[in-house]
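Asker: Per Swiss-Prot, the features are:
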ACT_SITE  ASP233  active site, proton donor
BINDING   ARG54, GLY55, ALA56, ARG91, GLN192, ASN243, LYS244  substrate binding site
SITE      CYS153  site 'Transition state stabilizer'
Amino acid sequence: MQTLNTLDLQTTSLKIVDGKLWILDQQTLPQRQEWLSADTVELLIEHIQALRVRGAPLIGLSASLLLALLAERGLPQAQLEQALIALRESRPTAVNLMNNLARMQQALLHANWVAAMTHEALRLVEEDRELCERIAQHGVQLVKPDSNLLTHCNTGGLATAGIGTAIGVLLRAHQQGKIKQVWVDETRPLLQGGRLTAWELGELGIPYQLICDSMAASLMAQGRVDAVWVGADRIAANGDVANKIGTYSLAVLANYHRIPFYVAAPHTTHDPDCPNGAAIPIEQRDASEVKGVSGGFGHCQWAPANAPVYNPAFDVTPAALISGWVLDSGVITPGQVAAGFFQPKN
């Protein structure tokens with residue numbers, strides 16, 4: 001039987017070495033590349049909530065791999081069930097975590113549950129790699145030659161086991177010579193665009209320029225953006241999409257300027273039991289993230305220490321503002337969504 005304890009597995013941002021789970025600290029990038037132990041449920045939850053490990057697909061994969069490792073070490077089923085529940089509650093918006101853990105829970109019910117959990121965790125990693133490739137294959141067909149594209153937050157190998165979702169599309173388009181430049185929103189308040197996407201695009205050799213979030217409207221008005229590409233943390237049954245805060249603003253701007261707005265995501269991000277965007281739980285984060293900044297580059301606070309802060313991690317983009325949902329199964333059109341593509345199947 002193949003076991004994680006004897007397997008060295010590595011993606012861009014997580015790895016298993018000598019039977020232990022490690023994550024690349026995404027709070028210290030790009031200044032430092034530091035690997036942190038995520039070998040207990042408590043540690044992994046701390047890393048997830050501190051955004052040291054982030055991205056809807058990657059959160060689900062890291063939780064699944066840790067559960068399989070714990071099973072191989074002999075943790076009893078009852079304790080694994082408790083670990084699964086704790087991990088499920090670590091971040092409420094990203095549905096990939098719930099979907100992956102539902103599959104791990106089914107494996108836990110298997111007669112040979114240790115082997116079943118290992119098999120399922122490895123299968124989830126391989127599936128995510130394949131899903132990223134399929135998304136890119138479909139999405140690249142929508143990219144016109146000599147394109148200036150705009151992206152938000154981080155949707156690459158740092159957020160998945162593969163080449164990424166929206167960034168995967170950009171990579172394949174770049175390899176086909178279709179990209180003139182990518183505009184990278186810095187993505188306030190935690191700067192996932194400025195810290196992570198800029199770093200990834202640089203590593204991939206994709207030409208880009210970093211912008212403040214507030215500059216996107218000006219670029220669109222000048223005709224310097226041909227399409228917007230973003231990822232998703234949850235897709236509701238009516239096609240509404242929850243994604244990093246600021247995504248909705250871009251969708252409104254793109255709609256006004258008649259610019260295509262595409263959402264790239266695996267089918268595992270779809271939640272048929274969630275009727276619409278209003279039903280998606282939106283995580284509220286600590287006020288300190290808005291009043292200042294911290295990371296591998298140090299710490300700075302610019303707002304009054306007692307300033308009241310509103311800090312949702314995500315917003316919801318209505319389906320009416322989306323030009324296409326680029327899934328691993330293909331490009332889903334607004335007409336298909338209106339006809340019930342994302343609705344629960346009886």
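Heads up, the Cβ atoms here are built off N, Cα and C, so glycines get one too.
Give me the local environment of each listed feature.
Answerer: Counting every protein chain shown, the number of other Cβ atoms lying within 10 Å of the Cβ of ASP233 (active site, proton donor) is 28.
Classification of GLN192 (substrate binding site) by DSSP places it within a helix. Cβ neighbour count for GLN192 (substrate binding site): 26 (other Cβ atoms within 10 Å of its Cβ, all protein chains included).
Following the DSSP three-state reduction, the secondary structure of CYS153 (site 'Transition state stabilizer') is coil. There are 27 other Cβ atoms within 10 Å of the Cβ belonging to CYS153 (site 'Transition state stabilizer').
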Asker: How many Å separate the two farthest-apart Cα atoms among the substrate-binding residues ARG54, GLY55, ALA56, ARG91, GLN192, ASN243, LYS244?
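Answerer: Looking at ARG54, GLY55, ALA56, ARG91, GLN192, ASN243, LYS244 as a set, their Cα atoms extend up to 17 Å apart.
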Asker: Which of the recorded positions listed here (ARG54, ARG91, CYS153, GLN192, ASN243) have a Cα atom within 10 Å of the Cα of ASP233 (active site, proton donor)?
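Answerer: Those near ASP233 (active site, proton donor) - Cα within 10 Å - are ASN243, in sequence order.
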Asker: In sequence order, which residues at least six apart in the same chain have a CB under 8 Å from the CB of ALA56 (substrate binding site)?
Answerer: ALA94, VAL95, ASN96, LEU97, ALA159, GLY231, ALA232, ASP233, ARG234, THR269
Asker: If you skip the near sequence neighbours and keep only those at least six away, which residues in the chain come within under 8 angstroms of GLY55 (substrate binding site), Cβ to Cβ?
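Answerer: Result: SER13, ASN154, THR155, LEU158, ALA159, THR160, GLY231.
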